[in-house]
Amino acid sequence: MANSDKRLFEKVAIITGGARGIGAATARLFTENGAYVIVADILENEGILVAESIGGCYVHCDVSKEADVEAAVELAMRRKGRLDVMFNNAGMSLNEGSIMGMDVDMVNKLVSVNVNGVLHGIKHAAKAMIKGGRGGSIICTSSSSGLMGGLGGHAYTLSKGAINGVVRTTACELGSHGIRVNSISPHGVPTDILVNAYRKFLNHDKLNVAEVTDIIAEKGSLLTGRAGTVEDVAQAALFLASQESSGFITGHNLVVDGGYTSATSTMRFIYN
């Protein structure tokens with residue numbers, strides 16, 4: 001690919017949760033499109049491997065700790081003198097059950113990662129981008145769980161709904177600086193979080209990625225026979241990161257769900 005065709009040529013990006021899954025796929029795609037990528041994660045060995053494979057760098061980052069996120073942004077500024085894209089992708093889930101048995105301490109831990117981690121990322125990326133004077137793109141990983149009930153545990157759903165809200169408010173504040181803030185809501189992408197959830201829901205501890213993919217392909221989208229992939233989400237992130245592709249899009253939640261949250265496939269017979 002010629003440099004002129006690379007949608008993120010000479011851009012600098014930080015991806016939290018970049019060591020595997022959606023984050024790692026996005027790190028590779030951003031690099032292919034000309035970006036220098038900093039992989040920020042608590043998974044050191046996996047993070048280093050991803051960073052080395054793409055010619056980027058790894059930084060240990062627990063997003064629940066504001067100082068870690070600030071240090072990742074400072075690393076970008078020291079190494080490259082700029083930050084163009086912040087992908088707040090790190091997240092976690094819980095082995096949840098009934099609201100009546102909720103462990104509030106565990107909920108607080110989840111919120112510290114899924115919500116506070118996003119707030120930390122937006123805060124420090126915005127500071128760097130405003131200082132740079134070039135604007136930028138901030139992207140946050142949400143979930144279809146933040147859009148409708150029955151797709152995730154109570155605390156997980158709470159956290160993803162919160163992300164959608166803060167994306168809208170920060171887009172409102174930061175737009176005057178040329179900073180776009182958007183979210184992505186994946187559904188039916190067999191990441192570790194989703195596979196573990198299916199194991200619990202189906203009471204099948206040995207359920208593997210291929211089996212979960214088959215279940216999603218059959219029942220989890222309007223595109224029968226097609227499950228989501230981490231590459232699908234990475235392409236959505238690339239779209240939102242690129243000024244040429246999405247320069248007039250902010251405060252938006254891009255849903256990558258095969259149409260699942262738009263309609264019910266169980267009623268398809270009415271169109272026959």
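Keep in mind that glycine also has a Cβ here, set from the backbone N, Cα and C atoms.
Residues annotated as NADP(+) binding site in Swiss-Prot: 14-38, Lys160. The substrate binding site annotation in Swiss-Prot covers Ser143 and rests on similarity to another entry. What Swiss-Prot lists as active site, proton acceptor is Tyr156, and the listing cites similarity to another entry.
A map of Swiss-Prot features onto the structure.
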residue : record                       : CB count, 10 Å
Ile14   : NADP(+) binding site         : 28
Gly18   : NADP(+) binding site         : 34
Ile22   : NADP(+) binding site         : 28
Thr26   : NADP(+) binding site         : 31
Phe30   : NADP(+) binding site         : 29
Gly34   : NADP(+) binding site         : 16
Ile38   : NADP(+) binding site         : 27
Ser143  : substrate binding site       : 28
Tyr156  : active site, proton acceptor : 23
Local backbone state of Ile14 (NADP(+) binding site), from DSSP in three classes: strand
Euclidean distance between Cα atoms of the residue listed as 'active site, proton acceptor' and the residue listed as 'substrate binding site', Å: 9
Between the residue listed as 'active site, proton acceptor' and Gly18 (NADP(+) binding site): CA-CA distance (Å): 20
Minimum Cα separation from Tyr156 (active site, proton acceptor), reported as the residue among binding-site residues Thr26, Phe30, Gly34 that achieves it: Thr26
